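Here is the structure we will look at.
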Amino acid sequence: MGMDFSTLRTLISRYCAGEENWVDSRTVYIGHKEPPPGTEAFIQQRFPDNRIVSSKYTFWNFIPKNMFEQFRRVANFYFLIIFLVQLIIDTPTSPVTSGLPLFFVITVTAIKQGYEDWLRHKADNAVNKCPVHVVQHGKVIRKQSRKLRVGDVVFVKEDETFPCDLILLSSSRDDGTCYVTTASLDGESSHKTYYAVQDTKAYRTEKEVDSIHATIECEQPQPDLYKFVGRINIYMDSDPVARPLGSENLLLRGATLKNTEYIYAVAIYTGMETKMALNYQSKCQKRSAVEKSMNAYLVVYLCILISKAIINTALKYMWQADPNRDEPWYNQRTESERQRHIVIRAFTDFLAFMVLFNYIIPVSMYVTVEMQKFLGSYFIVWDDEMLDEELGERAVVNTSDLNEELGQVEYVFTDKTGTLTENNMEFIECCVDGHVYVPNIICNGQVMTGAGGMDMIDSSPGPDAREREELFFRALCLCHTVQVKEEETVDGIKQGIHQGKSTSFYISSSPDEVALVEGMKGLGFTYLRLKDSHMEILNREDEVERFELLEVLTFDSVRRRMSVIVRDSRGERYLFCKGADSAIFPRVISGKVEQVRARVEHNAVEGLRTLCVAYRPLSPEQYQEVCHQLSGAKLALQDRDKRLAEAYDQIEKDLILLGATAVEDRLQEKAADTIESLHKAGIKVWVLTGDKMETAAATCYASKLFHRNTQILELTTKRTEEQSLHDVLFDLSRTVLRQHGTMTRDNFSSLSGDCTDFGLIIDGATLSAVMRPDQEDSNSGNYKEIFLEICRNCSAVLCCRMAPLQKAQIVKLIKASKEHPITLAIGDGANDVSMILEAHVGIGIMGKEGRQAVRNSDYAIPKFKHLKKMLLVHGHYYYIRISELVQYFFYKNVCFIFPQFLYQFFCGFSQQPLYDTAYLTLYNISFTSLPILLYSLIEQHINMDILKKDPTLYRDIAKNSLLQWSTFIYWTVLGVYDAIVMFFGAYFLFDNTTFTSNGQMFGNWTFGTLVFTVLVFTVTLKLALDTHYWTWINHFVIWGSLIFFVVFSLLWGGIIWPFLNYQRMYYVFMQMLSSGPAWLSIILLITASLLPDVVKKVIWRALWPTTTERIQSADKLYKGQLSEFTPLASLHASSKTGNYRRGSGNQGNAQNPRRSEPLNTKVMFTRWQRTQDYCTFTPLLRFTDGSRYPRRGHAYSGAGPETAV
């Protein structure tokens, strides 16, 4: 009965949904074998098959699911309602007028999404049907990948891809290891080592593997590629043996087997539960500022539409209040309809007016915007200047929804290592007990430059010092996870490092480790290989030393250190530990700490990356205690990471300091130029790094984030230990505010050019204190607000010692500040993913730390320098184009529907349409859609080279300036004006006076066609006037659209169409064109409509030109070659309002230039005169006093973006 109760208890615990062990773990039976009787109950769980489904739809659910998704969009749903209203009630326009555009939009979108999904289905089928090898009944059989099940033992050969997530049981290598590349998962091409289970690595044949009797308990599937917790219970003759399983035993689907002949492994996660499939899930949807503006405008136009319908309904019943006025006869209302209750009639009329005016809401705008974003994103991908030939990589667009957001960035948050720097480490020096060693320093028989005062490795130190020196070198040769990659020679004989030169090289996921191991090689200690759990080292005497590797305490970003436990040939055990100085010094109990600390700080100031090395000898009793702590933590299924961290903390203590190393990470090409350009563009750059303060600060100076005259403000742990955080914050706040004096807060905005040159440095610990939600001291005020105020007044901020989560917190803090600036985060490593996902725009760099940042980003670029063109050129163009597209769409729809509104005053509010059904339907689909789409793809209002050379132009479009309410109102008023001109112009010109040659009077359809003709020509020519960049494609599309309209009208009115139940447009267009006054009125009305906008632009350009307009004028003068004449500072508006400053009004600014400005450069803007004296020049650009010639005291100087010449 006891066993029965235990079995029952197990069953209950497994099947209770709330039981923690059941929810968080699964049991896998290897080879589907039941466990031996009396061990545990055999409960065969249901797992999904190995079918991968990346597609969204099936054949059966495509139509309902796609329709549901499309009608969730407000505009689509609105038009559906309008269409249904037209079907249900008697409306003035045919349901076709709303139904056809809606059908077109829905169909085009459905076809696009259906085609993309069909491609996904094809890719899924190719993967699901590929063959895999499975061990069954002692034989290897072949089956399709989709038929693989959890518990199957899989046989994988070299260069094959793993079909699902597997636990490694054995391999062809004696030590049970295998090498894997995970390039398709995280982009890391280095070979990673994975380990077989200790008790099964000896099983190397199908029959042996099939005889394994074991179960695996592991966590339920979760998407973290680098985390796995489980244990294997192996049933031997005696009691079952439990072994821990971690990420080093887990082979992920999509990875490839390398340098290993074959492996046997058991499937634990299949199909959509594999880690790769769980990472398919899309990130949260980011919306651009333009999209938000678009939706706001849509609400305004919806209000205008409703108000129009209400006004017309009210006026209709006021009109019909006179007993002599009834419903017009041509509306054909039945007697029952006339006798309805007035409320029902009024509501029906309101809906009818809504239908009549509904075209003011541009449904096709959404399709055009989608197409513009999708097609426009290819310009980034195709840009050859953003191609990195060394990597062979181009820029990648992961989402096209944020293209225009690249033109609105106010804050850039960048990682340091691998983003600003190359992440290409070079070993510089090491310090042992205060003595400095430089590799290869005496290789040519002389001391290298700058090596004075350093101790050489052959300077014959005392016996103790030499022993500690060699212990330090051995520590660095052993404390790492570097692999040795052996290249095969022509004979196929593998050559080791000690047998031949450079036939092997080191591989590691961390470039630091490779640099340190190669540095030790230069100092006489060469790491050879890891073989049979033994690490081999070649010492200075060319003797091979063997150390048994007992434990590896892996590196993590929280501990910031790693350790190994080894046993030497004498049987002595050591723990070697290396890590950041802040992680090592507090754990050290002896050693020359002060000398090493001084050297570490000296190297950090030089911008070098430093690591400290320490060790601890372990007695047998201590080692047993360590093993006990580690095994207990490793076997835990719950909170394994936490328990391991606690165990590591207990083990890595009482250390003896050996020394420190210094590694250089060079700055990326043009990183400094990029940061300086971003500053000139008004963008604030923050560096968020995990490095120590001194190293990061040195990099910031090198990259021109800080200049030598930058006043550095420190908000660090060191300072908060001396003063309270409250006092430090208020001191810093007073410092920056005193400097700014009476300047208004607007001057502190991120886009202000007049920011005083402060730089702030803050570390992670202090940031945590600042971000704490509730301060205990009620007088402390809101620390976040004070911190933000300080940051707002700093030209650059450096955040060091940052944890990945803190990076995201910083971005979130700035995003949520009252200015709500647009943020961009850029990084190259897994630790940058959180801030990349948090920022409005996330950019990944294709660096050496894997591809996690690239996979989680919105855009990916090969190098940091490409960010300059991405923002200043592509972002600028995208924003200009889509701003015009949005405003133009609303403008042309106001022009289209306002005459319809006016027409109701002349037809007794009878809902009589002004335009024919065909014109209503095709206006947005055919007649006016292509020109604006093409404009939004290829318009270049300023030459690309000028945008690159003059970053300050980026400020002209900042803060969503082209989609401000004032601009929106101007476009709307312009549309209303054009509509009034078109309607009343046509009305007065043809008021009872105009007859055709045969004496027939023009009717209402001719009048409507005349207005529509003027409308199409006006809105198309308006776009032509706004176009600065003309190509043959522009000409073809703009003039082609007008020709298409004319040809369509001739055909539509020139043929009796049998499928129409009316022929009201028959011969109308031809009759109109046969009248001379009609031609004259078309020309006059088009001119009158366009004239005010043209006049306004001419006056504004002459009196208050923007920087952009100045450069456009100058570029025309130079016939497109302006970018060869640099700098462009003289073309900038002398004040932020755009007004000229006369005389020497700008001298104050010139005397105190901003940090981001270059030094004064003598420049002459000239053109050649047609004289024999080829040295004579004529200045082309006026001085600020309006003259062409300099007065006394003037120089041809371009001191910076605000300096007028």
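If you go along the chain as it appears here, the first residue is 1 and each next one adds 1.
Yeah, the Cβs are placed from backbone N, Cα and C, and that goes for glycine too.
TrEMBL does not curate its annotations; it predicts them automatically.
Taken straight from TrEMBL:
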type	residues	note
ACT_SITE	D415	active site, 4-aspartylphosphate intermediate
BINDING	D415, K416, T417, E513, F555, K578, R609, T689, G690, D691, R801, K807, N831, D832	ATP binding site
BINDING	D415, T417, D828, D832	Mg(2+) binding site
DOMAIN	44-98	domain 'P-type ATPase N-terminal'
DOMAIN	131-204	domain 'P-type ATPase A'
DOMAIN	854-1106	domain 'P-type ATPase C-terminal'
REGION	1135-1159	region 'Disordered'
TRANSMEM	71-89	transmembrane segment
TRANSMEM	296-319	transmembrane segment
TRANSMEM	350-369	transmembrane segment
TRANSMEM	918-938	transmembrane segment
TRANSMEM	968-990	transmembrane segment
TRANSMEM	1002-1024	transmembrane segment
TRANSMEM	1036-1060	transmembrane segment
TRANSMEM	1066-1091	transmembrane segment
**Prompt:** Counting every protein chain present, what is the number of Cβ atoms, excluding its own, within 10 Å of the Cβ of R609 (ATP binding site)?
**Reply:** 22
**Message:** I need to check the long-range neighbours of the transmembrane segment (1002-1024): which residues 6 or more away from its ends have a CB within less than 8 Å of a CB in the stretch?
**Reply:** 888, 891-892, 895-896, 899, 903, 907, 912-916, 919, 923, 927-928, 931-932, 935, 978, 982-983, 985-987, 990, 994-996, 1038, 1041-1042, 1045, 1049, 1064-1065, 1068-1069, 1071-1072, 1075, 1078, 1081-1082, 1085-1086, 1089-1090, 1093
**Item:** Cβ contacts the transmembrane segment (968-990)/the transmembrane segment (71-89), at least three under 8 Å, sequence gap 6 or more
**Value:** no
**Request:** Grab the same-chain neighbours of the transmembrane segment (1036-1060) for me: Cβ-Cβ under 8 Å, and only residues 6 or more beyond its ends, written as numbers and ranges.
**Result:** 916, 918, 922, 926-928, 930-931, 934, 1009, 1013, 1016-1017, 1020, 1023-1024, 1027, 1066-1070
**Request:** For the transmembrane segment (296-319), could you work out the same-chain residues 6 or more beyond its ends whose Cβ comes under 8 Å from its Cβ atoms?
**Result:** 74-75, 78, 325, 342, 346, 349-350, 353-354, 357-358, 360-361, 886, 890, 893, 901, 904-905, 908-910, 968
**Asked** Given the binding-site residues G690, R801, D828, D832, which lie within 10 A of the residue listed as 'active site, 4-aspartylphosphate intermediate' by CA-CA distance?
**Response** G690, D828, D832
**Prompt:** Where else in the chain does the transmembrane segment (71-89) make close Cβ contacts, counting only residues six or more beyond its ends and a cut-off under 8 Å?
**Reply:** 95, 97-99, 101-102, 105-106, 295, 298, 302, 348, 351-352, 354-355, 358, 361, 363, 365-366
**Item:** Sparsest-packed of the listed binding-site residues (T417, N831) - C-beta count within 10 angstroms
**Value:** N831
**Request:** Just give me the nearest neighbour of D828 (Mg(2+) binding site) among the binding-site residues R609, G690, R801, Cα to Cα.
**Result:** G690
**Distance [Cα-Cα, Å, rounded] between R609 (ATP binding site) and D832 (Mg(2+) binding site)** = 19
**Prompt:** Hey, how far is R801 (ATP binding site) from D832 (Mg(2+) binding site), Cα to Cα, in Å?
**Reply:** 13
**Fill in**
Expressed in Å to no decimal places, the gap between the Cα atoms of G690 (ATP binding site) and D832 (Mg(2+) binding site) is 10
**Request:** Whole-number Å only: compute the distance from the Cα of F555 (ATP binding site) to the Cα of D832 (Mg(2+) binding site).
**Result:** 17
**Message:** Distance check, please: Cα of T417 (ATP binding site) against Cα of D832 (Mg(2+) binding site), rounded to an integer number of angstrom.
**Reply:** 11
**Item:** For D832 (Mg(2+) binding site), the number of other Cβ atoms found within 10 Å of its own Cβ
**Value:** 32
**R801 (ATP binding site) CB neighbourhood, other CB atoms within 10 A** = 22
